[in-house]
Amino acid sequence: MQKNLIWFRNDLRVYDNTALHQACQNDTDKVISLFISTPKQWHNQSVSKKKISFMYYHLISLQKELLKLNIILYYHESTDFLNSIEYLIFFCKKHKVNNLFYNYEYAINERYRDYLVKKKLSQKGFLVKGFHDNLLFSNRQIRNQKNETYKVFTFFKKKVIQNLHNNIPQCFPVPSKRKSDRDIFLTSISLKNVNLNFNKNFFPVGEKEAINRLKNFCIYKFNDYFLKRDYPFLDATSMLSPYLSAGIISSRYCLKVLLKTKNSLPLNVLLTSPWFDQILWREFYYHLLIGFPKISRSESLVTWEKEIHWINNIKHFNAWKEGNTGFPIIDAGMRQLNELGWMHNRLRMITSSFLVKNLLINWREGEEHFISNLIDGDLALNNGGWQWSASVGCDSVPYIRIFNPLHQSKTFDESGNFIKKFIPELKNVPNHHIHQPHEWSKQKNFKIDYPNPIINYSESRKTSLSLFKQARLKLHKNGLKNS
């Protein structure tokens, strides 16, 4: 009989968990599991308090689900990754573990941690088994003709869909209940430093809750997703991002439920649908993270970005963070982030574009602020989104494209329903004036307790275009490539 240890990290689920499935293949093996928290490491990586809280409550939920399978989930608090490695080695010795099972993580610090774990445990005679679990296909399975990581989403998407037509990744079922063990018990998970600071009504706890949310979206919202997804006042998106980010649900299972609930539609229609596009963008950004490790250090993927002279006005940055820029759609989005730890995707694009191309603040400042506040914070997606907005990443928006807050506001929140929800100071402003409340305030001589715009949009746009153009030209004159 062998003793197998499952090392849970960013995969807090029992359904379709590759490491869990593989560890439970032999009915005679004893299976235990472990989660090691690393508060200092998370702090250094700017993981948000809301995400940590969300994760801890799901860890408790996972522990109860594992107990139903007669699998103990042990818990230990270390400080950082290096400290966690030493504890893992100690744990394996203490519990006489034979085999360690875990699912890969792809950021550079996590990859180095796993390299050290495998090296040190293997030297001590333990068998270490890692699995690709977070993505539909591994980076080695999706390569361009030069056997390199794709840099253009369209070509990446085409390759993935081609692979899916040939092979739909299968989901692993929940393992069968292990033989009863008198040592089975519920270990204590410390919540001494964790507050319930996320909205449980907005993001209910539990793998089953995530599964139900996915199924309800596919049944009731999928058909209208393309038409309604850009309107932040509508309940039109899946709201699955926190669950995907913490590994409470898998992208494979998202695809499985989509294909099952919409089985009357042709496969290619589903694989090219706008919602599945979002799953593929997630895959794309992860493949970039794997293929270009410097992304983990917030380095851009174009060389000319270093020539941009950022203004980095601290007062403007604080106004942006607090939702006090005087641009209603920007401020409503930022206040949604501050309140919920989540922001509608359209608003993420608008607010990030505004920070980088109108306020001319280094995109890394925005990246840091988002990741330290988002409940669905994810290095690959957050970095990819910010580099996209700043026009310095792979397949990014052209630098000449700058989101106009007024146009975006009128288009996607015409009646101001979303704006008034998060900016109560504007509750008395008529709907058709909500996008430029100060003009109405002057006309009616009605004072509103809301800041004036901190910049002139038109002037800031001209300045931005000039600076970005100069940066590209300067690099070109020096004989260097633009990307």
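Please read every residue number as a count from 1 along the shown chain.
Glycine is treated like the rest: Cβ placed from N, Cα and C.
Within the set 70-77, 102-109, 278-285, 286-293, the record from Swiss-Prot flags 278-285 under the feature region 'Interaction with DNA'. The Cβ of TYR225 (FAD binding site) lies under 8 Å from the Cβ of ALA236, THR237, SER273, PRO274, TRP275, each of these being in the same chain and 6 or more residues away along the sequence. Neighbour density for TRP363 (site 'Electron transfer via tryptophanyl radical'): within 10 A of its CB lie 26 other CB atoms from the protein chains shown. Annotation for TRP386 (site 'Electron transfer via tryptophanyl radical'): spatial neighbours SER352, VAL356, TRP363, ARG364, GLY366, GLU367, PHE370, GLY393, criterion Cβ-Cβ under 8 Å with sequence separation of six or more. With respect to Cβ neighbours within 10 Å, the binding-site residues ASN109, LEU240, ASP378, GLN408 differ, and ASN109 shows the lowest count.
Model confidence over the domain 'Photolyase/cryptochrome alpha/beta' (2-136) stands at 97, taken as the mean pLDDT rounded to a whole number. Other Cβ atoms within 10 Å of the Cβ of GLU110 ((6R)-5,10-methylene-5,6,7,8-tetrahydrofolate binding site) number 18 in total over all chains. For ASP376 (FAD binding site), the count of additional Cβ atoms within 10 Å of its Cβ stands at 23 [all protein chains shown]. When secondary structure is read from DSSP and collapsed to three states, ARG229 (DNA binding site) falls in the coil class.
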